[in-house]
Amino acid sequence: MNPESLTASAAINFGLAFIVLSLFSIFKKQPSNASIYYARRLSKRHHDHFEQSFTLSRFLPSVAWIPRAFRVTEDEVLDIGGLDALIIIRLFKFGIYFFGICSLIGLVVLLPINFGDQDEQSSIYHSMDPFTISNISAGSNRLWVHFTCLWLISFYGLYLLYKEYDGISVKRIQLLRNLRHQPDRFNVLVRQVPFCNEHNAYGCSVDHFFSKHHPNSYCSYQMIYDGKDIEDLLHQAKYVARKIEDMRGKLTVKKRDKESLLLDVSQEDDVKIALFEEKQQENVRKIRQLQNESMLKGKELPVAFVTFKSRRGAALVSQTQQHSHPLIWITEMAPEPRDVSWRSLEIPFKILPLCKIGVVVAASLLTIFFAVPVTAVQGIAKLEKLKKWFPPAMAMELIPGLSSIITGYLPSAILKGFIYVVPFAMLGMAKLGGSISKSKEEIKACNMVFYFLVGNVFFLSLISGSLLDELGEYFTHPRSIPSHLASAVSSQADFFVTYILTDGLSGFSLEILQPGLLVWDAVKSHTVGGSGDEENPYLYSLPYFRIIPSVSLSILIGMVYAVVAPLLLPFLVGYFYLGYVVYVNQSLRLLIKDFCQHG
């Protein structure tokens, strides 16, 4: 990648970020977008006073929200968004502190040393080669400086990680102490409950077992039932209720409209409403019938929530084996009621290992499948080599500047576009893995997305870039593969600079703009006749399964290139600063408080 391509990528990303952030500062001033950008305040019934008059200030971009983000304290983030949101903010702070010092060391100490041994031939294809460690000749005493800096950076990173772990642990303990009286702290989830042949049910086994073995701490139990039939009826009842409400609203409008006072139309609507109300009464009758005790007993699952008189009793039962047979009376702490994954509780415990293996296999196949577009992206970035493999690519040079845009901006943009759907696919797979809580599903998805990004975006980008450069050399001299891969790390520095720019400037800017919600709100308002309002704001949790792996990958790239290519580090510092500002705003404006068990 030549300097023109790198400059084109930076210019496009900076330009897109400026446009998108300007649009955000304008859109958030509009009263019609309050349900998107002020969802948390509306949910708390805190009404913001917007300027209703048509003035110029409503349509001028502003930057007041940026310095405001740096004045927000961690206690405010913890109180509003919960511990999970605070961990996201602390992750960006860690990146700022760590790579700020790394940038200082790299630019002041390492960069002059790397550039001092500049080889004119090294900058033919890769614009950052003269500033990387590959510019140092083998066996040079200058490598001791890199070795020393590596040790300093490593110890500083370990110190920061220790401080972060210590600080988060203290806040988590304080949070758990404040939540110690919540009901879920006294409950244990019990699976593989043996069937009682005498009473033809599972419930009596639970009561008998815990009354016998934990008489002093046991309080009560609640069996879990197969509620698919009731759930289907509830969906039907909600649908019918919405239809009745909509028809009544339309009928009221017709009666107010003097031009359409047609008696037959009103009577026809009344008949339809009466039919829907009759159907609704039938749904209610079926639901009550299914909730009958005799009906519920036949739908019992071998799963129960057992309540204890103390948190100590619940913790003791959840952390000990209850029976000599390891596959019955399996216990663990119960999640919060809103965090329970009811779908997973219906899965037989013996099938769970197969579900987990299936998830791992599916995630591995997805990772292998995405190797194709990643390799193609590297082919675009290596235009000089691509010309030898695909001669029609030389036609791009006929248009001035086109090759710089294609090789500089397009590879990272295409790569980000491909991997955008990956976190949602991984979350869907994690939901099939049998986790008892939604938070554990997100944690599992978070791990799988991170491994995917490390395998495809990091390692495969290095390997595919090196393959395009020296494919023939690999076949003739396979023993030289490690040394070639080592040199490929420095030669791919320019690609990772463009990736950081695209992920940070374009990615974070679109994250705060929320274009998906804007489009959905516009479509909803023009089709079904309603949009987000003060009663129903767009309130949701941050997609941790998408944020944490992406930021962690950037940290990994920075750690690898801290000594290899220090010129990349200032871009990372900007990445973390922008991410900090964006997600502080997201935490304050859009969040519902998340499950504290994430932390």
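Each residue, glycine too, has its Cβ placed from N, Cα and C.
Now, the feature entries from TrEMBL:
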DOMAIN    6-164  domain 'CSC1/OSCA1-like N-terminal transmembrane'
DOMAIN    187-343  domain 'CSC1/OSCA1-like cytosolic'
DOMAIN    356-588  domain 'CSC1/OSCA1-like 7TM region'
TRANSMEM  6-27  transmembrane segment
TRANSMEM  94-113  transmembrane segment
TRANSMEM  143-162  transmembrane segment
TRANSMEM  357-381  transmembrane segment
TRANSMEM  401-427  transmembrane segment
TRANSMEM  448-468  transmembrane segment
TRANSMEM  553-583  transmembrane segment
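Comparing 143-162, 357-381, 401-427 for CB pairs under 8 angstroms to the transmembrane segment (94-113), the maximum falls on 143-162.
Mean pLDDT of the predicted structure over the domain 'CSC1/OSCA1-like cytosolic' (187-343): 82. Ranked by number of Cβ pairs under 8 Å to the transmembrane segment (401-427), the listed stretches 6-27, 143-162, 357-381, 553-583 are led by 357-381.
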